[in-house]
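Notes for the one structure printed next.
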Amino acid sequence: MGNNFSVESPSLAPFLCGKRKYLYNLERNLEALHKVMQDLNAMRNDLLKRLSKEEEIGLQGLQEVKEWISMVEEIEPKANRLLDESVSEIQRLSRYGYCSLIPASTYRYSEKVLTTMEGVETLRSKGVFEAVVHRALPPLVIKMPPIQLTVSQAKLLDTAWARLMDINVGTLGIYGRGGVGKTTLLTKLRNKLLVDAFGLVIFVVVGFEEVESIQDEIGKRLGLQWRRETKERKAAEILAVLKEKRFVLLLDGIQRELDLEEIGVPFPSRDNGCKIVFTTQSLEACDESKWVDAKVEITCLSPEEAWDLFQETVGENTLRSHQDIPKLARVVASTCRGLPLALNLIGEAMSGKRTVREWRYTIHVLASSTAEFPDMEDGTLPILKSIYDNMSDEIIRLCFLYCALFPENLDIGKEDLVNYWICEGILAKEDREEAEIQGYEIICDLVRMRLLMESGNGNCVKMHGMVREMALWIASEHFVVVGGERIHQMLNVNDWRMIRRMSVTSTQIQNISDSPQCSELTTLVFRRNRHLKWISGAFFQWMTGLVVLDLSFNRELAELPEEVSSLVLLRFLNLSWTCIKGLPLGLKELKSLIHLDLDYTSNLQEVDVIASLLNLQVLRLFHSVSMDLKLMEDIQLLKSLKELSLTVRGSSVLQRLLSIQRLASSIRRLHLTETTIVDGGILSLNAIFSLCELDILGCNILEITIDWRCTIQREIIPQFQNIRTMTIHRCEYLRDLTWLLLAPCLGELSVSECPQMEEVISKDKAMAKLGNTSEQPFQNLTKLVLDGLPKLESIYWTPLPFPVLEYLVIRRCPELRRLPFNSESTIGNQVETIIEEQVIKIVEWEDEATKQRFSHFNNRDFVQMAEDPKMDGLTSESHPIQTIDLVGTTGSGETATANNIQGKKVVQSGTHATVVTMECQTYKVFTPDCPINNMIDTPGTNFLLCYT
């Protein structure tokens with residue numbers, strides 16, 4: 001019957017013949033499937049081990065490797081299921097033979113075996129990777145032991161605190177020689193002030209004593225935002241705010257008496273309860289200041305305390321490694337003469353020296369170095385010089401000296417340093433990623449040696465003044481480093497031919513017409529000269545060997561001369577934070593250029609020359625020219641591009657950008673503004689996995705999504721390992737940010753004006769994606785700002801440790817009933833906490849201790865302008881300001897201070913607001929009886945909106 005059926009049904013014959021080929025080879029295919037699955041699993045496990053090992057040294061898995069592992073995890077259960085069913089299917093096949101009575105399910109099974117085997121084989125062929133990782137950004141903070149005070153230092157802290165709290169003391173001066181611990185004491189005082197809820201605490205590193213720099217730091221703390229205001233205007237605005245506040249101003253490192261009135265700081269008095277504390281190396285700075293009420297001197301440690309500190313730094317294991325080492329160690333410690341800085345530096349340098357020969361050699365080097373400084377009384381520079389001489393790696397020495405180009409005790413971006421070193425050719429690695437790894441490792445080494453100090457939430461480093469003094473002494477023959485507001489014109493150098501590197505920072509120079517004959521100059525750092533407007537072409541005429549040119553933060557600089565095209569060896573050009581309007585056409589001649597930074601150049605209109613810079617590896621346009629399809633085509637010509645920062649406006653551009661894998665995978669910073677997100681308002685970040693900073697403004701995003709598949713295996717590195725900063729402003733439909741669970745290194749999160757935001761991390765979504773995971777978010781978060789989120793109910797569903805949190809702001813979140821804090825949160829940290837009084841009243845605290853800890857600092861002590869700082873200077877036509885908030889001013893007729901918004905259009909975006917009318921240089925606050933919108937629309941009137 002079966003034979004008759006097959007003969008009499010010719011239309012089915014091809015079907016049966018086609019299917020039987022699966023049956024004939026079923027057993028062979030099953031054996032092959034079993035073998036290739038074993039091979040595939042072995043390859044997958046090897047990759048996981050390699051990834052895990054590389055993760056330990058700070059590297060990150062390549063996206064293509066993650067996707068391959070994810071596909072293996074998808075196909076593995078299908079193959080295993082087929083193999084589990086193989087016995088019953090083979091038995092069924094044996095029972096029926098290869099006849100037409102075989103069930104259709106067996107045919108389907110045989111077909112699945114073959115197609116699955118082919119899929120597994122394809123995966124196996126694609127599973128060979130020469131590299132499985134690329135560089136992840138370094139840890140936010142290099143773990144260093146906390147500073148422990150000696151007995152005398154602890155007593156000194158108590159003394160300083162008692163004097164500061166004396167009602168008759170308004171200003172306290174702390175003085176002592178460099179390296180003795182003045183900054184440490186000032187930091188300890190700051191921490192005690194924060195714990196004791198004194199009020200507004202402002203910490204300023206004075207640097208070059210530039211009045212406007214001090215004003216800017218104070219203004220930043222007060223929420224004031226300036227661009228081109230005069231020094232006098234800034235002083236008036238600072239004074240208007242501070243005279244209504246109880247504040248403590250901490251000034252670290254002044255060298256002469258400061259004019260408080262010029263800065264805008266009111267004098268402390270018994271009536272206002274304000275305090276000022278400053279540190280200085282000069283007793284005269286204390287004695288000459290008519291406003292100093294008390295002084296505290298810091299002296300060097302006693303011999304026994306110095307020995308205790310030295311032992312602690314060197315470590316017991318080293319001291320016990322040979323019986324003669326403790327005696328030799330006392331000789332080394334004695335050369336430091338009780339100076340904590342020197343003890344820490346030389347102690348760290350000797351912590352790995354475990355032979356008598358090494359210790360004796362160090363004593364010899366110290367003696368030799370002392371002979372180089374016969375006029376030095378304290379012996380500090382000889383110690384520092386001996387540490388430098390003891391560096392075994394010449395590359396580390398060069399990198400260390402490079403750091404001296406920047407002002408003392410001021411932040412230097414780690415990323416900036418690494419980029420300088422790469423472009424200078426200091427780093428030995430030819431591959432850029434390997435060079436970046438080497439650069440960050442060198443920074444880590446210098447921090448561990450205590451020659452650099454971490455700052456800026458771990459993203460920056462700075463150099464102690466005495467360490468920098470030694471570095472400049474070593475490099476003095478080839479370095480020129482100047483700065484400060486006393487400098488009004490370019491300096492004269494006896495022999496420009498000797499100069500290799502020059503730094504001119506924070507001066508009053510306005511125009512440059514000089515033509516220095518400096519053909520050997522390779523590095524010119526000309527930053528933060530706030531009044532610089534014009535540079536002549538002759539200035540660059542003789543700089544034929546220039547490799548690095550940094551003109552960043554010269555905010556008045558509007559153009560570059562065409563003569564810059566003669567810098568044919570230039571590899572690094574930084575024009576960020578300038579008001580430059582266009583790039584010289586001659587820039588296209590700079591064929592050696594590999595790094596071009598145009599971040600925050602909001603006046604820049606076009607960048608057509610980019611298409612000619614074919615060797616570019618780094619291109620930065622964050623908060624600059626918006627990407628369009630023409631610019632995208634130009635960027636695609638840059639085949640060597642490794643890093644890209646962009647501003648994107650428009651859905652078509654965004655879609656096209658994310659579809660080009662080479663460009664998308666190189667994006668480090670993305671500013672997405674006023675863009676309609678297609679696909680139902682869902683923004684997928686899968687393609688931009690190297691993202692470091694994401695800034696979203698005014699987009700219709702409903703949800704931000706990522707590919708969660710790569711997180712099922714615990715061994716896989718989180719997908720967004722690099723992202724450090726996230727800013728979201730005015731995204732009307734966004735409800736949560738659960739994807740941040742995959743951003744373990746997130747350092748700063750700011751979310752404002754998102755009316756539909758209900759949760760920061762959604763418990764339901766997290767459980768659905770990750771299951772009952774024990775991973776806790778925000779382990780590296782230093783700054784959290786939540787403002788204007790009327791529906792926000794939850795940040796996270798359980799208390800979190802927040803181990804490095806430093807700054808917390810929660811305002812205008814009326815539905816927020818619980819905060820993810822308990823008495824163990826932020827333990828060991830001093831957190832500047834600004835929580836609106838209304839929020840404090842409605843929050844259900846874990847316990848009274850938690851409430852006291854996080855609720856002591858409210859809006860009466862703080863002024864915060866909520867205008868997006870990235871919009872500063874933009875015209876109302878291009879970006880109407882949605883809200884500007886002034887906290888702490890209520891009631892009819894009060895005078896308030898705020899940012900100058902002359903000529904800017906302000907529109908209402910909320911429902912409960914107070915209107916502030918501009919009147920000369922003050923603002924009158926009142927509650928209107930008529931609808932706010934009617935008043936906002938009044939022609940010729942400027943308003944501030946103040947939420948109450």
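Yeah, the Cβs are placed from backbone N, Cα and C, and that goes for glycine too.
Annotated features in Swiss-Prot:
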BINDING   G176, R177, G178, G179, V180, G181, K182, T183  ATP binding site
COILED    20-57  coiled coil
DOMAIN    134-432  domain 'NB-ARC'
REPEAT    520-542  repeat 'LRR 2'
REPEAT    569-591  repeat 'LRR 4'
REPEAT    615-636  repeat 'LRR 6'
REPEAT    640-661  repeat 'LRR 7'
REPEAT    666-686  repeat 'LRR 8'
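Residues belonging to the repeat 'LRR 7' (640-661) score a mean pLDDT of 92 in the model.
Taken residue by residue, the repeat 'LRR 8' (666-686) breaks down under DSSP into 4 helix, 10 strand, 7 coil. Same-chain neighbours of the repeat 'LRR 8' (666-686): 599, 620, 622-623, 626, 641-651, 654-655, 658, 692-707, 720, 722, 733, 739, 870, counting only residues six or more beyond its ends whose CB sits under 8 Å from a CB of the stretch. Taking Cβ-Cβ distances under 8 Å and a sequence gap of 6 or more within the same chain, the neighbours of G176 (ATP binding site) are K182, Q281, E297, I298, T299. DSSP states for the repeat 'LRR 2' (520-542), grouped as helix (H, G, I), strand (E, B) and coil, give 4 helix, 7 strand, 12 coil. Across the repeat 'LRR 7' (640-661), the DSSP tally of helix, strand and coil residues reads 10 helix, 6 strand, 6 coil. Non-local neighbours of the repeat 'LRR 4' (569-591) in the same chain are 419-420, 423-424, 544-563, 597-609, 612-615, 620, 873; each lies 6+ residues outside the stretch with a CB under 8 Å from one of its CB atoms. Within the same chain, residues at least 6 positions away in sequence whose Cβ sits under 8 Å from that of G178 (ATP binding site) are Q281, L341, T380, H464, G465, M466, E469. With every protein chain in view, the residue among the binding-site residues R177, G179, K182 whose Cβ has the most Cβ partners within 10 Å turns out to be G179. For G181 (ATP binding site), applying a Cβ distance below 8 Å and a minimum sequence separation of six or more within one chain yields Q153, I298, P340, L341.
Residue counts of the repeat 'LRR 6' (615-636) by helix, strand and coil are 8 helix, 5 strand, 9 coil (DSSP-based).
Using the Cβ center of G176, R177, G178, G179, V180, G181, K182, T183 for ATP, the list of other same-chain residues with Cβ within 8 Å runs, in sequence order, T279, Q281, I298, L339, P340, L341. With the fewest other Cβ atoms inside 10 Å of its Cβ, the least crowded of the binding-site residues V180, T183 in this structure is T183.
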